[in-house]
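Trainee: Take this structure, written in structure tokens, and hold onto it; I'll ask about it next.
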Amino acid sequence: MFSLNGSSIRAKRWKRPCSGKYFEGDDSNAPSTSSSGIEIDSNSSVAGGVEDVYGEDTATEDQFITPWTVSVASGYPLLRDPRYNKGLAFSDKERDAHFVKKMMHNMRQYQVPLQRYMAMMDLQERNERLFYKLLIDNVEELLPVVYTPTVGEACQSTEHFPATQGLFISLKEKGKILEVLKNWPEKKIQVIVVTDGERILGLGDLGCQGMGIPVGKLSLYTALGGIRPSACLPVTIDVGTNNEQLLHDEFYIGLRRKRATGQEYAELMMSSRLQLSRIMERKSLFRIFQFEDFANHNAFDLLEKYGSTHLVFNDDIQGTASVVLAGLMAALNLVGGTLAEHRFLFLGAGEAGTGIAELIALEMSKQIGAPLEETRKKIWLVDSKGLIVRSRMDSLQHFKRPWAHEHEPVKNLLDAVKKPVILALSNPTSQSECTAEEAYKWSQGRAIFASGSPFAPVEYNGKLYASGQANNAYIFPGFGLGLIISGAIRVHDDMLLAASEALATQVSQENLDNGLIYPPFANIRKISAHIAARVAAKAYELGLATRLPQPRNLVEYAESCMYSPNYHNYR
């Protein structure tokens, strides 16, 4: 027995994890600890030795070890806990400035965006509150770092991967998904973002590497929409990948097999859906379930199956549509007329294209009182085979058929574009349909341009053009906050329209004078609060809200509910 001053030292209370739960008991079976939390050897025959409490020295693959932990974090364990660590903010009234200036100075030393991304991810794991303080205070500079376009580059590299920040569910867990979800340490989850990695941004099938997208989205839910970090859960469903490069990459962590399709995929998703239904029924556990970067057929299928009965949301379809509609509403102040007086042309007819088209048609129908079938005729889509027309109906996927109008087949529509509002939405930057410079030069400076990922200002004919960013981050954080504060039971199209209208009203005349159809991201938290208020108001109006009574001032209420990365005082 190792002792100090003749007395053995033992912990009075202890906890040990077992199947995701903690059990308290007396000290009869607990590891010995000192007052500083250091475990003291009670059996070792080596003088001054420390007992192999964890069994790390003697464990084999056939033996289990128990990861003991003390109840209260202090000293080194406290500094290593990202939720409670304050870094240099400890002492001097806890240095409430978070030494953000120092951190941003350090961040700017990295010349390569991917290096900045990794530095930010390291900070998130080391000091969560400082990470969000840095992101909130420098959102215009760091948004392209923690999300598109840099997150796409990170997802493509097996060497840069936020594997510790999310929950993975693979084919091996079929039938046990609820048990897997229960292993997540946080129980009061409000937003889940899930992907199967098949269509990550415009980069294609990245399998498990796609986890960077749910992690990034939820970081923005917190920084831009004020959702607590502990209430966010990133999930990747691993059904394999068809990416040959990843399958032969020694550092790829996903299943090394071709992507499951047909019945095998359907059975896993069926199991997932059943567990999802059980989760959604336990309202105290989960709230919003956001589908992200699924392939077209699966994305539409999931939204169709659950959209009318559960609180599910697809940002690729619905979020993109809402942010684009907001930009078009703002652009009308520059080009004149109403939505119904314009024609809309889409290059691409996938999730984003058809989702945007449908929301525009809904808004036009609402404004002029015309049937949806009529307003759809004002919108044309082009896919890889040319203009979508009625003569192609038999070969079209179901989600393209509403857009097949009477017209002769056309493959080149450049002559139809006279005064364009150009929205190059594909991400990351490398996948953009065109650059800002190309848009302004091609249109001889007449274009109103915005893109999914940011472009630098362009000088053309002696004039500087600052293009906007049609980024979903304008919508989904505030939209999610609105669903939460109202206790909405499902998403309605009118909520998406309300979000678009709220965003469009935030575009100032000064923004319009500079050719911008979106407000600056520097004001995004206030913008999100206004969007949340309009979404919540619509939920109350539609009878879909459960948090009663309705707050008098929804904007103030939304702001009061937003997470702020301030340090807490410790006892």
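Heads up, the Cβ atoms here are built off N, Cα and C, so glycines get one too.
Feature list, courtesy of TrEMBL:
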REGION    22-44  region 'Disordered'
COMPBIAS  32-44  compositional bias 'Low complexity'
DOMAIN    124-307  domain 'Malic enzyme N-terminal'
ACT_SITE  Tyr147  active site, proton donor
BINDING   Arg199, Asn427, Asn471  (S)-malate binding site
ACT_SITE  Lys217  active site, proton acceptor
BINDING   Glu292, Asp293, Asp316  divalent metal cation binding site
DOMAIN    317-540  domain 'Malic enzyme NAD-binding'
Trainee: Do you know offhand how many angstrom separate Asp316 (divalent metal cation binding site) and Asn471 ((S)-malate binding site) by C-alpha?
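Mentor: Pair distance, Cα basis, whole Å: 11 Å.
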Trainee: Do you know offhand how many angstrom separate the residue listed as 'active site, proton donor' and Asp293 (divalent metal cation binding site) by C-alpha?
Mentor: 14
Trainee: Per the record, (S)-malate is bound by Arg199, Asn427, Asn471: how many Å separate the farthest pair of Cα atoms?
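Mentor: Max Cα-Cα spread across the (S)-malate binders: 18 Å.
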Trainee: Out of Glu292, Asp293, Asp316, which of these binding-site residues shows the lowest number of other CB atoms within 10 Å of its CB?
Mentor: Asp316
Trainee: List the residues in the vicinity of the divalent metal cation site, defined as same-chain residues other than Glu292, Asp293, Asp316 with C-beta within 8 angstroms of the site's C-beta centre.
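Mentor: Surrounding the site, in chain order, are Thr195, Arg199, Ile200, Ile213, Phe291, Phe294, Ala299, Asn314, Asp315, Glu351.
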Trainee: List, in sequence order, those recorded positions among Arg199, Lys217, Asn427, Asn471 whose Cα sits within 10 Å of the Cα of Glu292 (divalent metal cation binding site).
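Mentor: Within 10 Å of Glu292 (divalent metal cation binding site): Arg199, Lys217.
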Trainee: Could you state the CA-to-CA distance between Asn427 ((S)-malate binding site) and the residue listed as 'active site, proton acceptor' to the nearest Å?
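Mentor: Roughly 14 Å, rounded to the nearest whole number.
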Trainee: Counting other Cβ atoms within 10 Å, pick out the least crowded of the binding-site residues Asn427, Asn471.
Mentor: Asn427
